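This report refers to the structure that appears directly beneath it.
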Amino acid sequence: MIIARIIAVAIGYACGLFETGYFYGKKKGVDIRTKGSGNSGATNTLRTFGWKAGLVTCLGDILKTVAAVLAVKLIFGRTYTEDIILLELYAGFGAVLGHNFPFYLKFKGGKGVACTGGMVLAVFPIVAPVSMGLFLVISAVTKYVSLGSIIGLISVFVQVVVYGQLGIITVPMGIRAEFYIVTACFTILGVWQHRANIRRLANGTENKIGAKKKEQK
């Protein structure tokens, strides 16, 4: 199954390479990576081009991850009947890697929040309501999308472990530890990608929703 894992990550990475925000910006004659926070994710696209652009980017990033998971399920579903959920998770992680580190953009992409959301919807949708709810509520109350994203990412891992141990998410015992570790990688990478936001949150210079845009790196 090692080769299957590698193929799953590769399929995910290939799907993740479609940088929705980057291509939206190119259509407008702008390299989104030269604006705002310097990444091609949904939040920076929203701040640069408005809500429509942010929504299109978010949906595009979600769908490419769902596509990766479905492709892996189609390819390996009959061969690895019980363990397919782990391969789906690897596909989702590959999509996040492709989105965050696209080789053709010198490995400078987004932060992977929407892609992680796509993985959640495709692999364990039961986690989505709480994670999305936390993201929306915290972002709305604090006006910090980054804080909402970080809390949402952490909640994904916590819920997966709890639901996995309770049997609500069915994960075979033989792959359960690995499943939790890969899920943790989503959270760790997502928080790491927000390290600059965390510094700005700590010193009070992080942009709020609706605030005047700043050029931040």
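The backbone N, Cα and C atoms fix where each Cβ goes, and this holds for glycine too.
If you check TrEMBL, you get these features:
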| type | residues | note |
| --- | --- | --- |
| TRANSMEM | 6-25 | transmembrane segment |
| TRANSMEM | 84-105 | transmembrane segment |
| TRANSMEM | 117-138 | transmembrane segment |
| TRANSMEM | 150-169 | transmembrane segment |
| TRANSMEM | 175-192 | transmembrane segment |
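Counting only same-chain residues 6+ beyond the ends of the transmembrane segment (150-169), those with a CB under 8 A from a CB of the stretch are 113, 116, 120, 124, 126-127, 130-132, 134-135, 138, 176, 179-180, 183-184, 186-187, 190-191, 194, 197-198. Within the same chain, residues 1, 4-5, 8-17, 19, 22, 33, 40, 61, 64-65, 68-69, 71-73, 76-77, 111-112, 115-116, 118-119, 122-124, 170-171, 175, 178-179, 182-183, 185-186, 189-190, 193 sit at least 6 positions outside the transmembrane segment (84-105) and bring their C-beta atoms closer than 8 Å to a C-beta of that stretch. Residues 31-33, 35, 40-42, 44-45, 48-49, 53, 56-57, 59-61, 64-65, 67-69, 71-72, 75-76, 87-88, 90-100, 102-105, 109-110, 115 of the same chain sit 6 or more residues outside the transmembrane segment (6-25) yet have a Cβ under 8 Å from a Cβ within it.
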